[in-house]
């Protein structure tokens with residue numbers, strides 16, 4: 001996030017506080033210490049929220065406060081005098097990118113030294129996105145991906161807001177400078193006002209819609225955040241209009257209550273909101289409009305202005321940009337090394353991150369900010385260097401982690417205590433050298449997709465066939481992502497008989513008739529109910545399958561709710577007249593297995609996980625439900641967690657069993673295909 005100097009024009013001033021000519025006589029810019037203090041409130045609220053300090057449970061709104069301030073200051077800069085687009089871009093690059101590059105390079109170095117190799121590869125990709133100013137879109141993709149959303153947060157996840165700001169600067173600079181070039185006087189002012197209202201209104205509509213449909217998209221995307229910058233822009237335009245057309249005393253009387261109301265709205269949202277508040281959505285109106293009100297009220301109320309201009313708040317405001325950049329990598333890397341830390345330790349680490357932030361301010365930000373203003377070409381060269389250096393760091397980090405993972409293929413495997421002799425995982429005579437899949441590939445060892453993947457907000461599956469697509473005979477694979485992990489096994493079963501495999505799966509959606517909440521979307525998963533109904537209706541109206549193979553995560557609801565839900569679904573499926581089969585759920589490690597193996601220094605026993613948390617009672621396996629409906633069942637739990645000991649393995653006979661915290665590798669699905677064929681279709 002850009003934490004530019006809190007200077008706003010009585011006439012016009014740049015974000016760095018320099019006076020800008022306005023086409024008439026040069027006017028003095030008025031420094032706004034209250035804005036610097038408002039930035040202090042914003043950064044302290046974000047830091048306290050990230051450190052899990054009790055109290056400011058809505059501290060995440062600090063980002064929204066910064067967005068409004070940026071819209072206010074940048075609009076004042078752009079409307080103060082006509083700037084060239086290259087000049088504007090050079091100023092922004094010179095102001096923002098060097099400090100960001102400093103933190104990116106330091107994070108790459110710390111990540112390479114302290115994180116496990118797999119997290120290092122993720123960090124290298126995040127570095128590229130952060131340096132390229134599109135980190136917000138990378139995290140949109142990850143957070144809306146049901147599987148990627150399970151991964152630990154990135155040390156660079158906070159760069160999403162910097163990406164949004166820089167995308168706004170490019171868009172807003174081109175728009176306003178374009179209008180200034182072709183329009184003048186009142187026509188120019190009217191066009192800028194109408195453009196601001198149009199952009200703000202459209203963005204707010206997207207924000208409200210996306211918050212209801214996909215919370216990560218609404219939170220990270222630029223389109224759903226532009227209205228917050230536009231609110232600040234409106235405050236800047238209105239402030240300028242009031243200053244030139246309304247007597248000073250009248251302005252003071254009108255705006256004084258507005259400042260108090262705005263400050264109350266900002267503080268109220270910080271203290272009253274929490275993680276369960278649908279955000280941004282309509283809830284963001286309170287801090288956004290509150291911030292705009294404080295900015296508009298300006299110095300008209302000495303009490304509000306004096307409160308915001310206190311030394312501690314201004315000191316935090318001056319440090320806000322660098323402190324924001326530094327604190328998150330410190331917190332995430334520390335917890336990656338030592339596990340979840342109490343809020344007191346997180347607060348201490350956050351306070352400690354003020355030191356590198358202060359050094360960055362003094363040695364990087366201020367020399368570039370207060371030094372002689374270079375030509376636009378030199379400013380752009382500074383920005384380009386600040387982009388290239390982190391990219392080099394990312395490539396160096398990525399190459400190092402690949403080499404480290406290459407050395408991890410000789411992981412020593414061991415059986416958990418209490419494991420007994422039984423059927424081997426691999427066929428007799430099969431030998432695996434090292435690990436398969438390799439740790440460098442394990443997290444990406446997905447089943448074939450072929451367009452079968454559907455987004456969380458979809459309520460029907462596309463036509464998705466494998467094998468002999470023209471065959472009248474088909475196996476139907478039904479369920480959620482724990483059914484989708486068996487696509488390769490189902491395909492082998494179908495290909496041996498020249499059948500087709502039809503895949504009907506939806507991530508996070510139980511086939512049992514249960515209404516569930518989706519944490520990624522942040523609401524009740526209504527699309528799941530519609531998808532289930534559409535899928536069951538589709539099956540009953542089509543040709544009879546040779547086999548309906550059901551599978552899924554056995555963690556939705558309580559055991560009683562799962563029993564009732566399966567009964568309702570089986571009532572519908574039994575009417576098909578087709579053979580029904582059920583694959584018991586695979587053990588749940590509860591931790592990212594490839595990451596654990598990469599960090600275990602060659603000891604697979606370090607990645608054992610408890611048996612008592614790996615399984616939940618399954619009404620399809622433990623009761624008479626399957627027998628009542630004639631469902632053939634296959635429980636692979638005893639094979640993947642052999643014996644009766646307290647632990648389950650992450651690796652068996654050289655095969656990495658899991659690609660994340662709960663899904664099996666596609667390699668394992670292919671290894672187990674003959675067992676599924678024999679257990680479900682009676683193959684010899």
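Cβ atoms here come from the backbone N, Cα and C positions, even for glycine.
Features as listed in TrEMBL:
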- 1-16: compositional bias 'Low complexity' (COMPBIAS)
- 34-361: domain 'Acyltransferase 3' (DOMAIN)
- 455-677: domain 'SGNH' (DOMAIN)
- 1-31: region 'Disordered' (REGION)
- 36-53: transmembrane segment (TRANSMEM)
- 65-84: transmembrane segment (TRANSMEM)
- 96-115: transmembrane segment (TRANSMEM)
- 166-183: transmembrane segment (TRANSMEM)
- 190-212: transmembrane segment (TRANSMEM)
- 224-243: transmembrane segment (TRANSMEM)
- 255-273: transmembrane segment (TRANSMEM)
- 279-298: transmembrane segment (TRANSMEM)
- 319-336: transmembrane segment (TRANSMEM)
- 342-359: transmembrane segment (TRANSMEM)
- 380-402: transmembrane segment (TRANSMEM)
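Residues of the same chain lying 6 or more positions beyond the ends of the transmembrane segment (166-183) and with a Cβ under 8 Å from any Cβ of it are 2, 67, 70-71, 74-75, 78-79, 82-85, 88-89, 92, 96, 133-134, 136, 191-192, 195, 199, 222, 225-226, 229, 233.
With a cut-off of 8 Å on Cβ pairs spaced 6 or more residues apart, the transmembrane segment (224-243) and the transmembrane segment (279-298) reach 3 or more such pairs and are scored as touching.
Model confidence over the domain 'SGNH' (455-677) stands at 92, taken as the mean pLDDT rounded to a whole number. At the 8 Å Cβ cutoff, the transmembrane segment (279-298) and the transmembrane segment (96-115) share fewer than 3 close pairs (sequence separation 6 or more) and do not count as touching.
Away from its own ends, the transmembrane segment (319-336) comes close to residues 1-3, 39-40, 42-43, 46-47, 50-51, 66, 96, 99-100, 103, 106-107, 110-111, 114-116, 119, 152-158, 162, 346, 349-350, 352-354, 356-358, 360-361, 364-365 of its chain (Cβ-Cβ under 8 Å, at least six residues beyond either end).
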